[in-house]
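A short write-up of the structure that comes next.
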Amino acid sequence: MGQPGNGSAFLLAPNGSHAPDHDVTQERDEAWVVGMGIVMSLIVLAIVFGNVLVITAIAKFERLQTVTNYFITSLACADLVMGLAVVPFGAAHILMKMWTFGNFWCEFWTSIDVLCVTASIETLCVIAVDRYFAITSPFKYQSLLTKNKARVIILMVWIVSGLTSFLPIQMHWYRATHQEAINCYAKETCCDFFTNQAYAIASSIVSFYVPLVIMVFVYSRVFQEAKRQLQKIDKSEGRFHAQNLSQVEQDGRTGHGLRRSSKFCLKEHKALKTLGIIMGTFTLCWLPFFIVNIVHVIQDNLIPKEVYILLNWVGYVNSGFNPLIYCRSPDFRIAFQELLCLRRSSLKACGNGYSSNSNGNTGEQSGYHLEQEKENKLLCEDLPGTEDFVGHQGTVPSDNIDSQGRSCSTNDSLL
């Protein structure tokens, strides 16, 4: 987001006004510009490359095209737009110590900045709600949230984000009335984001704090449910081993099925942890900035401008973190390796997804996901009237597991 005050005048550059030698000062300034230019270029490259990789992986491999990963795609698009249309111009603003793109692009650039942050936090909020229904109502989940409904939700997120970001800025509702702000608005070379108090507080609440509170509340409920289900798994396994040891010895398949059931459940909870890391990282990166954003308009001189800009860039850097976090998922990790030609014959884009295995043979129905489609396997179920996870024989497609079992939703590729 834009810098408050005369941000382009200092922008964390070394203060050479007290240097005794002009040449030394100039050399320091040039070294600072080169160093910061390299760092900012690497940040832009990481954001763009990582999120293009995520979007391409989901688009290419059908196994990754789940409802949750549709929302992940929306999140990656917001980060990609941030890396292409926001961060480079912010870097140029800092390095050139002035704005060279005109008043129109200044406001448009600021609007895109607010749009990306708002779309990201709202998408994370939607993901939290998605996981809540997936783990608490798996029988209804697939009919409740289809891929078409997910597309509509994503569209609504971007429409709402666009209205809350572009409308107030393009209509100039954000503008402050003090003389320094008026002078900046009139100058083509000034793009410091002076705002009035009402806009700063209202936009922070609507675009960040409300979605954040919803996200934290819902995801805390999700983790409570996940913890309860893990305790149920432990109890069920203990009861199984205590009461049915002789049956297991007669039919090893039953024991293997229960172990596999628990494995699927644990993978679902690992997916929840991955999404929790994504949400936590976003919160840690952006919360300090939004706190300072409100404090700044209430007490102008309390927060140094350097701190404001630094926290703004911490938020920018968050856009490059998510692709690294997705590497926790074997699905994404294998897909990334395939796209980067680091893994030979390990993935295959096909009509029903892709297959993966440890020996590198494509097309084989092995690998940890396609095992779910074998005959006579046991699923985790929380059937009405029972407190245990019980076995169920038959062939069940992997895409339907989350509608068959209480706590084993494998429709999430962040496993």
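Quick reminder: no glycine exception, Cβ is built from N, Cα and C everywhere.
Marked as compositional bias 'Polar residues' by Swiss-Prot: 395-415.
Packing around Cys191 (disulfide bond) is summarised by its Cβ count: 26 other Cβ atoms lie within 10 angstroms of its Cβ, all protein chains included. Annotation comment: Swiss-Prot describes Cys106-Cys191 (among others) as disulfide bond.
Using a 10 Å Cβ-Cβ cutoff, Cys190 (disulfide bond) registers 20 neighbours. What Swiss-Prot lists as disulfide bond is Cys184-Cys190 (among others).
Summarising the annotation, Swiss-Prot assigns N-linked glycosylation site to Asn6 (among others).
Residues annotated as N-linked glycosylation site in Swiss-Prot, with sequence analysis given as evidence: Asn15 (among others).
Here Swiss-Prot flags Tyr141 as phosphotyrosine, drawing on similarity to another entry. If you draw a 10 Å sphere around the CB of Tyr141 (phosphotyrosine), it holds 21 other CB atoms from the protein chains shown.
Annotated phosphoserine per Swiss-Prot: Ser246 (among others), in sequence order.
Positions annotated as phosphoserine by Swiss-Prot, on the basis of sequence analysis: Ser261 (among others).
What Swiss-Prot records for Ser262 (among others) is phosphoserine, and it gives sequence analysis as the kind of evidence.
Sequence annotations record features per position, and here Swiss-Prot assigns phosphoserine to Ser345 (among others) based on similarity to another entry.
Among the features that Swiss-Prot reports, phosphoserine is placed at Ser346 (among others).
The phosphoserine annotation in Swiss-Prot covers Ser355 (among others).
Taken from Swiss-Prot, the feature phosphoserine applies to Ser356 (among others).
Here Swiss-Prot flags Pro384 (among others) as 4-hydroxyproline, drawing on similarity to another entry.
The 4-hydroxyproline annotation in Swiss-Prot covers Pro397 (among others).
What Swiss-Prot lists as region 'Disordered' is 391-415.
Distance between Cα atoms for Tyr141 (phosphotyrosine) and Cys106 (disulfide bond): 44 Å, as a whole number. The average pLDDT computed for the topological domain 'Extracellular' (1-34) is 61. When the Cα atoms are compared, Cys191 (disulfide bond) and Cys184 (disulfide bond) turn out to be 7 Å apart. Reduced to three states, the DSSP call for Cys190 (disulfide bond) is coil.
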